[in-house]
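Feature annotations, reproduced from Swiss-Prot:
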- Gly47, Gly48, His49, Asp67, Phe93, Asp112, Gln119: S-adenosyl-L-methionine binding site (BINDING)
Amino acid sequence: MRPEAQTGHLPVSQSPAVHLPVLYTQVLEGLRVIENGRYLDGTFGRGGHARGVLTQLGPEGRLLVMDKDPEAIAVAERDFAPDPRVSIFRGSFAQLLQWDATAEGLDGVLFDLGVSSPQLDVAERGFSFGKDGPLDMRMDPDSGESAAQWINRVEEREIADVLWTYGEERQSRRIARAIVARREKQPFSRTAELAELIASVMPRGKDKIHPATRSFQAIRIHINRELADLEAGLDAAVERLKPGGRLAVISFHSLEDRIVKQYMNRLAKAPPANRRLPEAVAFVPTLDLIGGAIKATDEELAANPRARSAVLRVAQKREADA
């Protein structure tokens with residue numbers, strides 16, 4: 001029986017204007033939602049996946065939603081707070097252990113990594129090189145320094161290291177040198193200024209992506225501590241999962257996916273034996289992998305080109321005696 005028949009209210013998932021998020025069907029299949037379960041959406045965004053979970057929860061089920069972005073939390077409070085099954089927390093999923101509501105354990109956890117479409121589409125958020133706006137890039141605009149503050153402050157070497165480490169940008173040193181030379185004349189304040197500068201110093205090639213793509217990605221990841229938060233969030237999620245609970249993670253670039261894949265493999269598979277080392281304690285797996293890398297179907301890609309780089313990985317926490 002669906003929630004509306006049991007709780008007397010129409011769930012937010014019934015809104016006809018809702019656009020399905022990336023890998024919607026695959027996420028719900030991966031989480032394997034049970035009616036009375038407790039689930040955490042650690043990256044609420046605009047609530048697309050959360051709506052799907054709610055359609056499969058009964059009146060005793062619970063959905064906990066988190067997001068760093070105050071605009072996302074405002075949407076959650078507007079559209080989801082009236083539902084008694086929903087609890088809302090503003091913060092990074094790396095902080096989920098600090099939320100008392102997670103202490104009872106979770107039957108499923110979802111992380112949909114990276115920047116959301118609303119963040120990219122609104123120029124004032126400062127994430128997009130294609131739309132001029134303040135050079136900000138913070139997912140939580142009330143916390144930390146903006147991209148402009150960082151890029152106008154740090155040394156050339158740090159800029160180059162960030163572009164290489166988080167963007168795998170081969171021209172990182174050339175771009176960093178140009179950034180420092182430009183800011184000595186006039187500090188950066190707009191996304192268009194940075195994007196145009198990067199484009200002006202990049203060698204012409206056959207690459208179809210915008211010249212600033214990797215640099216903007218790298219700066220955004222650094223400003224928001226995305227990879228550090230991911231590592232902490234994975235640990236916290238597994239700690240809170242009940243035996244049999246599932247962890248589903250959507251990543252959008254190789255750096256994220258590599259961390260997720262290696263983390264799940266490390267908890268699911270015994271490391272190779274090394275005869276040079278003393279015999280180790282017997283490996284006890286914590287997770288079981290549920291399939292491999294899951295990608296968007298051709299049908300979804302036709303409707304949503306942004307899904308082309310999305311990769312979903314799912315793992316299940318083992319029973320204590322498994």
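Quick reminder: no glycine exception, Cβ is built from N, Cα and C everywhere.
Swiss-Prot feature annotations superimposed on the structure.
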residue : record                               : contacts (Cβ under 8 Å, 6+ apart)
His49   : S-adenosyl-L-methionine binding site : Pro21, Tyr24, Val27, Leu28, Asp41, Leu110, Asp112
Asp67   : S-adenosyl-L-methionine binding site : Thr43, Phe44, Gly45, Ile73, Ala76, Arg90
Phe93   : S-adenosyl-L-methionine binding site : Leu40, Gly42, Thr43, Met66, Phe111, Asp229, Gly233, Ala236, Ala237
Gln119  : S-adenosyl-L-methionine binding site : Asp69, Arg125, Phe127, Met139
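Fewest Cβ neighbours within 10 Å among the binding-site residues Gly47, Gly48: that distinction goes to Gly48. Mapped onto three states, the DSSP output places Gly47 (S-adenosyl-L-methionine binding site) in coil.
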